Amino acid sequence: MSASSSFRSVRRNLPYIRSELGALVGNLSLSVKSICICVICSYMLSHWQPAVDALSVTPGHLLPPSLRVWTLLTSPFLEIHLWEVCVDIITVGLCGKLLEPLWGAKEMIFFFVLVNLSVSLSSVGYYLFLYSATSDPDILFEIQIHGLAGYIAAVSVAVRQIMPDHVIIRTPLGKLTNRNIPLTVLTVLIITWAIGLLEGVYCTMFATGILTSWIYLRFYQRHSNGSKGDIAESFNFASFFPNVLQPPISVLSNSIFGIFVKVGCCRKPIKRFADASGPSSIQISLPGSDPSDAERRRQKALKLLNERMNAGSRDSESKRPLIPPQRPEKSNRIGGPSSPAHSMTSSLSSPSLQMSGSSHSLMNISNSPSSQESVVNIPVSNIKASDI
């Protein structure tokens, strides 16, 4: 009975779902649609093993004498499992919504081609290294590299660069932000491979996708203002790891970068700051943050300031008493104090203190803490000089 009712509800909402999917697909760009169509068509061909062999990158067949170089272009679109196809389509659609409006269609296509080529070549180099260490021919001819696992990792790195502090989910252990996604997903993939639920090629492609995309975004991507890369401290290689592991990883990564700079593969980034306050423009070259990094820090500081101000206003409202304190009414007497102790002190020091030579004379002290008036008679003989 419940199954039939759920089926009727799905059938009733089917036009709405169809319209929403149509609107979503209609808003995607031509490049995103083309990639999704190629992935779906390749998945249909994956049920035929000769097609899989012809479209996948095999480390042994990429080298002479086979030289199947075309597989570097066809392997990203080939997926064997349906869940991989769904993940690829969602990732490419997310890239079209987040990255393409900021980068443009040309830069997004270039990023797609560059990452997939780099992932395929890096994975082939990794398996050639394993073959040289183990002399196992199955590593060269049985392992097949295909799919968009490396591109999925690259998209996670790019989203981390754009929105590093965006909260994805809140857990009892803490917040999961875009800053934690690449390493967290890689750790989950390694665990699933260790228990036999995932192929090791997927983990290799994901790891190389993180590394190659970070290198491109960090040092080589050109921006509209003429700058290259993103050398912000929040985007260095050590920031991908937990705080406990960042110091040793920072030392290691800085040493490797220094070697590449000496060899000539990389150039040490130089920042230029213009001082227009004087009569002439002065440019100072310093290692530091670029304008995009400064703007990112300014936005983060404004966000933190707004959160603290809102938290302070909520705390002040919670500490405010429900019944406001009543202000004491002012005395109608001239010079009348607002408290009894102060009234007695001022009355003793004022000319209103009437003393006579007799020890039985009395002193009148006026006190009006409220609307009522009270008179206190104190014998002068009982007042000591120290009390006055």
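Backbone N, Cα and C define each Cβ position, glycine as well.
Residues or ranges marked as transmembrane segment in TrEMBL: 21-45 (among others).
The annotation transmembrane segment is assigned in TrEMBL to 80-99 (among others).
For the transmembrane segment (111-133), the list of distant contacts is 31, 35, 57, 59, 62, 71-72, 75-76, 99, 103, 139-140, 143, 145, 148-151, 154, 158, 201, 204-205, 208-209, 211-213, 216: same-chain residues at least six beyond its ends, Cβ to Cβ under 8 Å. Feature annotation from TrEMBL assigns transmembrane segment to 111-133 (among others).
As annotated by TrEMBL, transmembrane segment applies to 139-159 (among others).
Taken from TrEMBL, the feature transmembrane segment covers 180-198 (among others). Listed by sequence, the residues of this chain that lie at least six past the ends of the transmembrane segment (180-198) yet keep a Cβ under 8 A from its Cβ atoms are 153, 156-157, 159-160, 168, 206-207, 210, 240-241.
Per TrEMBL, the feature region 'Disordered' maps to 277-388.
If you look up TrEMBL, you'll see 337-363 marked as compositional bias 'Low complexity'.
Marked as compositional bias 'Polar residues' by TrEMBL: 364-388.
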Tertiary contacts of the transmembrane segment (139-159) (same chain, 6+ residues out, Cβ under 8 Å) | 39, 52-53, 55-61, 75-80, 84, 87-88, 91-92, 94-95, 98-99, 111-112, 115-116, 118-120, 123-124, 127-128, 130-131, 178, 181-182, 185-186, 201-202, 205-210, 212-214, 217
